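Asker: A single structure is presented below for examination.
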Amino acid sequence: MGEFDDGEYAGINEVTSPRENNARKVSVLPLLFLIFYQVSGGPFGVEDTVRAAGPLLALLGFLVFPFIWSVPEALITAEMGTMFPENGGYVVWVSSALGPYWGFQQGWMKWLSGVIDNALYPVLFLDYLKSAIPALGGGLPRVLAVLALTVVLTYMNYRGLTIVGWVAVSLGILSILPFVVMGLISIPKLRPSRWYVVDVQSVDWNLYLNTLFWNLNYWDSISTLAGEVHNPKKTLPKALFYAVILVVLSYFFPLLIGTGAVPLERDLWADGYFSDIAKILGGVWLRVWIQGAAAVSNMGMFVAEMSSDSFQLLGMAERGLLPEFFSKRSRYGTPLFGILFSASGVILLSWLSFQEIVAAENFLYCFGMILEFIAFVLLRIKYPHAPRPFKIPGGTVGAILLCIPPTILICVVLALSSFKVMVVSLATVAIGLVMQPCLKLIENKRWLKFSVSSDLPDDITTHEPLLR
């Protein structure tokens, strides 16, 4: 995935804070599954690709799309995450390249898209259970179930990132195992001719691309907690490499089973359809197992995404972009106020439908990724000698070429957005443009305290002579 430099960071403050001495850092395996859950969590939610485009394009999408989007994003995350091994991730990258104003805009858009993303998981969880428990389909029982899920999973984040990481490992194994069993059961029923069904005339390109995009993005989310990773310059690239392989396999093979072993009825391919396929292939017991796997998968995605969102707010506060109280940690080392703000956003947004959430989230995410690509290229140009323990080969020209395919894809996703989603998303972007000057006014008036943490590594934009 690139080039490793085993040398130490040049120009980085090596003084270790008391918190770093006491904190338990995240190792490769938990980090791998945290990435897996921030990006994927298994095949739950990919069903709409078959409904939108049929089996062939759905299968091709999860083979080709990773090379256009996932691999470039993972490579950029590996390079930038090792260049800036601190909490805040992409906010720090953009701030260093474009200044704190645009760093704040990046943080606002990516945090909001992350919270919107997290609002999906209680929805998906209940969509898988409502066939077995019809009361969860709507009304007061559904509202109470969303609230209960949010509280329990938020408390898990509060207890610590190391716990979340090993919980992610356990949940990941539980999520994948029933699909291995379903694959073995399906072998006698597979009909390869079903995989080649395609009708280009009837493709819903908006639904197809949005679903692919949602299921294969968020590789950069892990960067927001890079400060909690053990030896990030080696651990982060390695975990990202294995996560790309795991994510692609976790999507492709269940789709291969589902489309090849069951006669095609495109209209049935919607959220929760894998549990129906399991019943057709193996009976009620397999259906219940898949529903249980969906439940634990959504639990894993929720805790992983909330970890990323909350540590992002903590990283922004440590950089002075948010009030100091966002940098306060609980006795478990977790960002208390970041968790509370992220959980509140999830509860407020969880009433939206799956398709509405995906479309709005993708729109905001696209804007954030454009800023990331610009920052990545600018930092290559402005600070060519900055320490990059992991570096993508190809120089500045290679960096630009790497960003072209995903940028084209972003333009297509934005162009296919509905007018309603576009208006709402642009309105939220406008809020961020105004919010940052308001926070600066609050800081100048000293209504709230802002400060820059003394534990941060040296900023390459202010210590450039140390890099040469």
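Cβ from N, Cα, C; glycine included.
What TrEMBL says about a protein is an automatic prediction, not a curated fact.
When I checked TrEMBL for this same protein, it listed these features:
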type     : residues : note
TRANSMEM : 26-46    : transmembrane segment
TRANSMEM : 52-71    : transmembrane segment
TRANSMEM : 140-158  : transmembrane segment
TRANSMEM : 164-185  : transmembrane segment
TRANSMEM : 240-264  : transmembrane segment
TRANSMEM : 284-304  : transmembrane segment
TRANSMEM : 336-354  : transmembrane segment
TRANSMEM : 360-381  : transmembrane segment
TRANSMEM : 393-416  : transmembrane segment
Asker: Give residue numbers and ranges for long-range contacts of the transmembrane segment (140-158): same chain, 6 or more residues beyond its ends, CB-CB under 8 A.
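Answerer: Distant Cβ neighbours of the transmembrane segment (140-158) are 122-123, 125-126, 164, 167, 299, 302-303, 306-307, 310, 330, 332, 334, 336, 339, 343, 346-347, 350.
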Asker: In the same chain, which residue numbers or ranges, 6 or more beyond the ends of the transmembrane segment (52-71), come under 8 angstroms Cβ to Cβ?
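Answerer: Contacts of the transmembrane segment (52-71) (Cβ under 8 Å, skipping residues fewer than 6 from its ends): 39, 46, 194-199, 202-205, 207-208, 211-213, 215-217, 219, 244, 247-248, 251-252, 255-256, 259-260, 264, 266, 405-406, 409.
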Asker: Counting only CB pairs under 8 A, let me know which of 26-46, 240-264, 393-416 has the most with the transmembrane segment (284-304).
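Answerer: That would be 26-46.
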Asker: What parts of the chain pack near the transmembrane segment (26-46), using Cβ distances under 8 Å and only residues at least 6 beyond its ends?
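Answerer: Counting only partners 6 or more residues beyond its ends, the transmembrane segment (26-46) has Cβ contacts under 8 Å with 58, 62, 70, 120, 124, 128, 161-162, 164-166, 168-169, 171-172, 175-176, 179, 211, 214-219, 221-222, 225, 228-230, 235-236, 238-240, 242-243, 246-247, 250-251, 254-255, 271, 274, 293-294, 297-298, 300-301, 303-305, 307-308, 354.
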